[in-house]
Amino acid sequence: MISMSCVPKEEEGEDTQIKTELHDHAADNPVRYASLESVYSVSSSSSSLCCKTAAGSHKKVNALKLPMSDSFELQPHRRPEIVHVYCRRKRRRRRRRESFLELAILQNEGVERDDRIVKIESAELDDEKEEENKKKKQKKRRIGNGELMKLGVDSTTLSVSATPPLRGCRIKAVCSGNKQDGSSRSKRNTVKNQEKVVTASATAKKWVRLSYDGVDPKHFIGLQCKVFWPLDAVWYPGSIVGYNVETKHHIVKYGDGDGEELALRREKIKFLISRDDMELLNMKFGTNDVVVDGQDYDELVILAASFEECQDFEPRDIIWAKLTGHAMWPAIIVDESVIVKRKGLNNKISGGRSVLVQFFGTHDFARIQVKQAVSFLKGLLSRSPLKCKQPRFEEAMEEAKMYLKEYKLPGRMDQLQKVADTDCSERINSGEEDSSNSGDDYTKDGEVWLRPTELGDCLHRIGDLQIINLGRIVTDSEFFKDSKHTWPEGYTATRKFISLKDPNASAMYKMEVLRDAESKTRPVFRVTTNSGEQFKGDTPSACWNKIYNRIKKIQIASDNPDVLGEGLHESGTDMFGFSNPEVDKLIQGLLQSRPPSKVSQRKYSSGKYQDHPTGYRPVRVEWKDLDKCNVCHMDEEYENNLFLQCDKCRMMVHTRCYGQLEPHNGILWLCNLCRPVALDIPPRCCLCPVVGGAMKPTTDGRWAHLACAIWIPETCLLDVKKMEPIDGVKKVSKDRWKLLCSICGVSYGACIQCSNNTCRVAYHPLCARAAGLCVELADEDRLFLLSMDDDEADQCIRLLSFCKRHRQTSNYHLETEYMIKPAHNIAEYLPPPNPSGCARTEPYNYLGRRGRKEPEALAGASSKRLFVENQPYIVGGYSRHEFSTYERIYGSKMSQITTPSNILSMAEKYTFMKETYRKRLAFGKSGIHGFGIFAKLPHRAGDMVIEYTGELVRPPIADKREHLIYNSMVGAGTYMFRIDNERVIDATRTGSIAHLINHSCEPNCYSRVISVNGDEHIIIFAKRDVAKWEELTYDYRFFSIDERLACYCGFPRCRGVVNDTEAEERQANIHASRCELKEWTES
C-alpha cells in the first residue's frame, strides 16, 4: 500500500538524502506498517515518503515523488503554502489575516500555522456533521481495512488507528463534506467516461430515418442509404449521388451499379449518419406523421371517421385485429353465416364474445376475441399499428383504403368468402386428409386462424374452368406455341370432369404447362387427378386422349353409356382452355405486360431472382464507344453494311454483324432483347458474365454474345447470314471453363488467352474490349475483300488479342509529341517591330478589322486559350443584382422536354429533333476554341441532338473556297463537312449552329448519315449521356497526310492533332511506289 503525505519542500541535496535513508532503513530493519498519524502528520519525526512491503514478498512498489515544499522559515511578505492531497478544496470563507506579531508569537511557542488552522476548523464542526463524517469514515475504514489486511497489516494496529487523525479531520473540514478521495476520484473518472460515451455516440454513424421538412435537398447528396422494397422485403444499400431540380427527385445509385430517381418522401429509406453530421446539415429524425407507407394519413383518418357510425362491431366493419405473435393488421368483420361450414372457424372460443374477421393483404380468416379488435379510427389516431414493417402491410393498407372509399372488397377476398359458403371449398380440400389438421391452420388460446387453400386462389373463373396461374410467355424457345395458340410456361387451371374411379361422379382435374427437364426447350403438358395420378404429353390432346381412353374402358367394363355425350370428343386444347376467347385474350395481354411491382428487370439480372451457377457475378460495362458496332467494334459505315441502333437500349450494330437482312425502312428498330415478345428477365450469356449487348440464342436453348461466339475458337454460327444460332458451346474445352479472367476476376464463362507465345494471361473477350486491350484482326484490310454471297469454306481471318504487357503499339502514334511542337513554337512567337514606328500615330486600317493576321493570330489565340472557360450564352431579362456564371447556368429552372411516346419511325424522330433543338441547345464561349454549343437540357445516349446543315458542294469547289477565300478570313474559320468523296457540306456562310461544335479526342457526340423519306441528312447523335450545360464535341477525323492541325481539347487521351491518324496510317500502307509494283501475269 502506497501512503502519501504533505511534506515541506526541501533542497535537492536533502531530497537525495531522504531517498538514501529510506532505502537504508528498509534494508536494515524492514517495517511492516506505520501509524497513520506518522504518515499524515507534518510534525512527525519520520517526515518522509515510505514504501512498505510485506515480509517475504517479492513485489516492489516504487514510491511516488511529491513536490517538496520550501522551508518553514517565516518571511515578512509570504505565507507558507498548503499542499492539497487527493481532493480539491472548496473556496473558504475569508478570515482575518494575522499580523506579523501574531505569527512571530506562534512560532516562538512551537505551534505551526497549519495545525492551528486544522484545530480551528475542527472546532467549528457541529455535532450532526461530525456524526455524518464518522459514518463515512467508518465506511472508508471498512473498505481500507480490507486492503491493509491484504498487505499484511495487523488487525490490532487497525483498531489503534480507528480515531481519525488531525490531518484526516482537516481534509474533511476543508472539503466541506465532500466524498472521500477514492470516491471523488472514481466520480471524476465516471464523468470522464460519460463524456467519452457522449462524444463517441455523437460521432458514431447509425441507420436512421430523417425528416425532409426544412432541409436543403442537396444536403442529402453523398449520404449512404438503404431503400426498402416492400414486394421484395429487402433493404438495398446505395448512396445519394445527385438531385434533379426539375423533377425534385434524388438520384440513388445502388451497390450493384444500378441507379434510379426517387422521391425520398414517398419511399422507406434509412441513412447512415451521425449526430454531429445531422447538426451540421440541419437535419432531424424522421417520423411517419405525414405519410404512412405510401398512404396519406390525413385522408385515411377522414375516411375512417366518416365510415365509423356505431360503437359495437358489426359485419362489414373495418377494424384493427391483433393475433398473438403478430402485429396489428387491418381486417374486416365477416358474417358468421359466410363460413359456417368451415372446420375450426365455427368453434366458439373461450373468454367471452368473439368475432370472425378476414385480413386485408393476406386474406386469411381468423376468429378473435372482441378485446383483440380495435376500431380502425382509434388505431389510426394512436398510430401504434402503423409501425409495422412487414412487406404486405402496405398492400393491406391499400386494400383497406379502397374499401373505405368504394365500400368494395378486393375480388379475391369477396371470392374466398363466397367459396367458403359453398361446396367448392369441400371439393378443393377433397385431395387433403383434413383441412383442420393442415399446417396452414393455427389455433391458440382465444383465437383461431385459418389460411385459404392454394387451389382456391383462382385468378379467373370462366364457366367451370378456374385459372389459378396464367404463367409467363416463353421467348427463348419456339416450341411453346403453334400457328394458333401460345402456351405460357407455368399455366395452371382446374376443371370438373368425369371421375376415373366412378363414371357417375365428377372430380377435379389440375392442368399445367411445364418445361421439359431434359431438353429444356420443349413444353410438357401435365394433368393431375384428385387422387394424385398424373398424365403427361407433348401436346394438350396427348394428355386428354389418355384420360378419354381410361374413361372409355371404365364405361365399357361397367356397361354404362357415355354420361357427357360429346364431352369425350373435345380436344385437349379445349379442355386446357386455350381455345376459349377470354383465355386467349388474357394470354395475349401477357405479351405486352411487365412486372407490376417495383422489381425491375435490372434487379432480376443482378442475381437476386435467378438461380445463377457457382461463381457467377454479373459484370456491367459502361461502354464509352457507343458509335461503334457492339459485335465487330468498328465505327465505319458502308452502303452495304449500315448501322442499326436499338431505340430502347441504344445499342449500335452493323446489319451484317447482327444478321438483319430485311431493311427496316425508317421504322425504329429494336434488338432481340428489347422487342415486345422478349423475355421478362433478360437472359445471361453462357460464355461470359457481362450483362447486356448483342446476344443470340444457342442450339441448346441458352443465350450468348455474338462477340464471345466469334472470339472463342470452339463456337461457330450455323447460319452466317442470319448470325444465329450459336453452336459448339458444349464443345468448348474444359480447361477453358476453368480459366479465371484477369480483368473482372469472375470464374464464370470461357476465357481466351494472350496471343503471345510465352504469355498465358486469360480474360473474357468483352472484358478485354472494355479494358482497352488489343483485340483486333490479324489482317483487317482483308475483311473488306470477303464476300457474303460466296459460301466458300476458306473465308476466314485470324483473330489476335494481347494482354496489357504484350499489346502492340503503332510507331505512327509516337509522332504525337512531334505534332504538338509547332503549336508550342507559335505560342512563343513574338510579333516583329512595326516598320512605320510608333503604332499610336498610325491611322486605323480597315482591312485588318477582323484581327491580326497569321502567325500573330495563332500566337494570340494560343495564349488567350489558357484563360478562357466555358460560358454559354443565356438570354435573360434585366436584373439589378449580378449573379455568378455558375448560378445563372446551374441555378436556372428549365423544364425537361420529354420525348413523345407515339414516335414510331425515324422520320418522326427527326421531325421532333428539328422542332426542339432551339430549346435544347445554346451557343457560347468555349474553353477549347472560339465558340461552342452547350446542352441546356440533359440528353440520353443515342438521342438526336442537331442536324449539320449548309451548302452542298463538290470537293473541288470546297477546296478552292477553303484555300482562296476562307484561309484569308481570320476569325471566320472553315466549316467543311465531307459526306463522301463526291459531296461536301459548306456551313461557313449558311446553315445551323451545328458548325460551332468543336473537336475533341474524347467526344460526347458522333455524326451519322441517316435517310429520311429518301433524303440523306447528317445528324449529330449523343455518344453517351450528356449532362446539362455540358459542351458538345465530336471527332472531326480530319484526313490529310501532309497537313497537321493541332488539338486543344485538353482530355487525358488527346492525340495532339485533329487528324485521323489511324485512317492516314492505313492509307499510307495501301499506297506503294511505282518501283515496288510487280507486273501481273496469269498463272
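Heads up, the Cβ atoms here are built off N, Cα and C, so glycines get one too.
The S-adenosyl-L-methionine binding site annotation in Swiss-Prot covers His929, Tyr975, Asn998, His999, Tyr1036. In the three-state DSSP classification, His929 (S-adenosyl-L-methionine binding site) falls within coil.
Cys1054 (Zn(2+) binding site) counts 15 other C-beta atoms within 10 Å of its own C-beta, drawing on all protein chains shown. Secondary structure at Cys1054 (Zn(2+) binding site), as computed by DSSP, is coil. If you look up Swiss-Prot, you'll see Cys1001, Cys1047, Cys1049, Cys1054 marked as Zn(2+) binding site, on the strength of sequence analysis.
Residues or ranges marked as domain 'PWWP' in Swiss-Prot (evidence: sequence analysis): 315-379.
What Swiss-Prot lists as domain 'FYR N-terminal' is 457-516, and the listing cites sequence analysis.
Annotation comment: Swiss-Prot describes 520-604 as domain 'FYR C-terminal'.
Averaged across the domain 'SET' (919-1037), pLDDT in this predicted model comes to 83. Sequence annotations record features per position, and here Swiss-Prot assigns domain 'SET' to 919-1037.
Here Swiss-Prot flags 1043-1059 as domain 'Post-SET'.
Marked as O-linked glycosylation site by Swiss-Prot on the basis of similarity to another entry: Ser968.
According to Swiss-Prot, the feature region 'Disordered' maps to 422-443.
What Swiss-Prot records for 682-807 is region 'Extended PHD domain (ePHD)', and it gives sequence analysis as the kind of evidence. Note: the region 'Extended PHD domain (ePHD)' (682-807) comprises 22 helix, 25 strand, 79 coil (DSSP; helix = H, G, I, strand = E, B).
The motif 'Nuclear localization signal' annotation in Swiss-Prot covers 77-84, and the record cites sequence analysis as its basis.
Across the range of the zinc finger (626-677), the DSSP-based residue counts are 4 helix, 9 strand, 39 coil. What Swiss-Prot records for 626-677 (among others) is zinc finger, and it gives sequence analysis as the kind of evidence.
Positions annotated as zinc finger by Swiss-Prot: 682-715 (among others). If one looks beyond the zinc finger (682-715) by at least 6 residues along the same chain, the residues whose Cβ comes under 8 Å of a Cβ in the stretch are 476-477, 519-521, 601, 604-605, 610, 612, 616-621, 630-631, 633, 649, 651, 653, 657-659, 671-673, 723-733, 736, 744, 746, 748-750, 752, 764-767, 769-770, 775, 799, 801.
The annotation zinc finger is assigned in Swiss-Prot to 739-807 (among others).
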Need the DSSP three-state call for Cys1049 (Zn(2+) binding site) to compare against my parser.
coil
Cβ packing number for Asn998 (S-adenosyl-L-methionine binding site), 10 Å threshold:
21
For Tyr1036 (S-adenosyl-L-methionine binding site) and Cys1049 (Zn(2+) binding site), determine the Cα separation and express it in whole Å.
12
Which number gives the other C-beta atoms within 10 angstroms of the C-beta of His999 (S-adenosyl-L-methionine binding site), all protein chains shown included?
19
Pop the Cα-Cα gap between Tyr975 (S-adenosyl-L-methionine binding site) and Cys1054 (Zn(2+) binding site) into the table, whole Å please.
22
Under a three-state reduction of DSSP output, how is Tyr975 (S-adenosyl-L-methionine binding site) classified: helix, strand, or coil?
coil
Residues with Cβ closer than 8 Å to the Cβ of Cys1049 (Zn(2+) binding site), same chain and 6+ apart in sequence?
Ile928, Asn998, His999, Ser1000, Cys1001, Glu1002, Thr1033
Neighbours of the S-adenosyl-L-methionine site His929, Tyr975, Asn998, His999, Tyr1036: Cβ within 8 Å of the Cβ centroid, same chain, sequence order.
Ile928, Ile997, Thr1033, Val1058
Which of Cys1001, Cys1047 (the binding-site residues) has the most other Cβ atoms within 10 Å?
Cys1047
Within the same chain, and leaving aside Cys1001, Cys1047, Cys1049, Cys1054, name every residue whose CB is within 8 angstroms of the centroid of the CB atoms belonging to the recorded Zn(2+) site, in sequence order.
His999, Ser1000, Glu1002, Tyr1048, Gly1050, Phe1051, Arg1053, Arg1055, Gly1056, Val1058
Distance from Tyr975 (S-adenosyl-L-methionine binding site) back to Cys1047 (Zn(2+) binding site), taken between C-alpha atoms, in Å:
16
